[in-house]
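Listed in Swiss-Prot:
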DOMAIN    2-160  domain 'Obg'
DOMAIN    161-338  domain 'OBG-type G'
BINDING   167-174, 192-196, 214-217, 284-287, 319-321  GTP binding site
BINDING   SER174, THR194  Mg(2+) binding site
DOMAIN    359-437  domain 'OCT'
Amino acid sequence: MSMFLDTAKISVQAGRGGDGMVAFRREKYVPNGGPWGGDGGKGGSVIFRVDEGLRTLMDFRYNRKFKAKSGEKGMTKGMHGRGAEDLIVFVPQGTTVRDAETGKVITDLVEHGQEVVIAKGGRGGRGNIRFATPRNPAPEIAENGEPGEERQLELELKILADVGLVGFPSVGKSTLLSVVSSAKPKIGAYHFTTIVPNLGMVRTKSGDSFAMADLPGLIEGASQGIGLGTQFLRHIERTRVILHVIDMSASEGRDPYEDYVSINNELETYNLRLMERPQIIVANKMDMPEAQENLKAFKKKLAAQYDEFDDLPMIFPISSLAHQGLENLLEATAELLAKTDEFLLYDEADLVDEEAYYGFAETEKDFEITRDDDATWVLSGEKLERLFVMTNMERDESIMKFARQLRGMGVDEALRERGAKDGDLVRIGKFEFEFVD
C-alpha cells in the first residue's frame, strides 16, 4: 500500500537582493567621472503553486529546505543586476500552510493553479548613481542587497472529498467504499485496518458523481489524540456531507446508539463546525442477526432526542457485503450534496491577512535596546537590522549614512536615556562601535 503523508515541516528562504555597485565613469570636467554604479537585482521569492496531480506531501519528506536564488550585483555603466527567478514549489490541493512559530494559518490552497508568495525575495541594493546630489556629486555609497525572508512552515494536507465516512473501527466503512467506487482500500477483520484515508469516485445511476473518503476509524478520545487521533479527524473538515456508518449488528458488543453519540461527541469536540455538516446515518450489516431489532431500538432512542420528527437525521439500512440498500443511499447523498454549500474551515481572525504576498502580520518595531553582561549595549529590531545588513561597512560614506539613519530613528537619544556614555560599546549583530555622545 502506498504511504500517505499528510503533514510536513519545511523551511523556505527567499533569495537575497544583489548588492549595488560603486563605480565611476571617466569623463572630463565631471568629478571622478560621475557615479555609474547600477542597482542589484531582486532576490527570488518562494511561491507555492497548487498542482491537482499531486496527492500527498511525500516529496516534502525527502526535501525539507527550499531556497530561492539571489539577485545579481549591480554593474558599471549604470546597469542593473539581473533579478533572480522565483522558486516555484508545487503542493497538492487541500494543503494548509501554517507559520511554525506562531501556529497562524498563512493560506489554504484549494484551487488548481492557485499561487501564493510564501517568502518574499529581498530587493536589490541601490548603486551609487542613486545617491548623487548637488552637495555630493560623486558619492562612494552603495547598498548591500536586502536579505530574503526565511520562514519555518508546517504543511497539512486534508484530502478533498465531498463525502466522508466516519464511525468506529470495523463498522464497514472500507467495505462500503469498495463496493460503491473503484477504490481498493485494505479490508480486514481487525481494528484500524484503515490507517490512511482512502478516496474513491462514486457515480450514481442517475449520473451524479462525487468523491467519497473512507477515513480511519474513530474511538472515544480521538479529539484528544487517542487512537489515530486528530491526524485523521482533520480530513473530515473538508467534507460537505458526513455518512455516519454504524454496525447495527452490534458484533463488537457495543450499543449502536452509544456508538453514534460517542462519535458525534468527538466531532463536536474537535471542531464545532463539523456538527453543522448534514449527516446521513448508515445502518450497516443489516443482513446480520439481531440487526433489525437493534435498528428499532436505535430509532426509538434517536427520536427521544428530537422535538420535531422532521429534524431527525435520515437513516438508510444497508448491507455493504450483500449490496443491499446502496442505490437509495447514494441517490440521497447526491441530492444532499447538491443543496449543501462548502463550509468555512477557519474564522477570518485566524487567517493572516491575505494579499498577493503573505508576509508577517506583526507590527514591525524600529529597534530595541538591551545590555549584555559585559556592559555592551545591544541594538536589535527588524527595521534596524535590515538597514544594517544593507549597509556596506567597507566604505566610510556608507557607514556615515547608516549613522545618520540611526540618529533619525532616535537610537542615539534612546541610548542616552538608558544611560549610555561616551566610549561605551554598542553592538548590532557582530558589528561593534563606540558610542559618541
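Just so you know, glycine gets a Cβ as well, placed from its N, Cα and C.
The structure displayed is predicted, hence computed values, not measured ones.
Under the three-state DSSP scheme, SER319 (GTP binding site) falls in the strand class.
According to DSSP, the domain 'OCT' (359-437) comprises 30 helix, 17 strand, 32 coil. Across the domain 'OCT' (359-437), the model assigns an average pLDDT of 88.
Rounded to a whole number, the distance between the Cα atoms of GLY167 (GTP binding site) and SER174 (Mg(2+) binding site) is 11 Å. The binding-site residues considered are GLY167, SER170, LYS173, SER174; of these, SER170 has the fewest other C-beta atoms within 10 angstroms of its C-beta.
According to DSSP, LYS173 (GTP binding site) is assigned to a helical segment.
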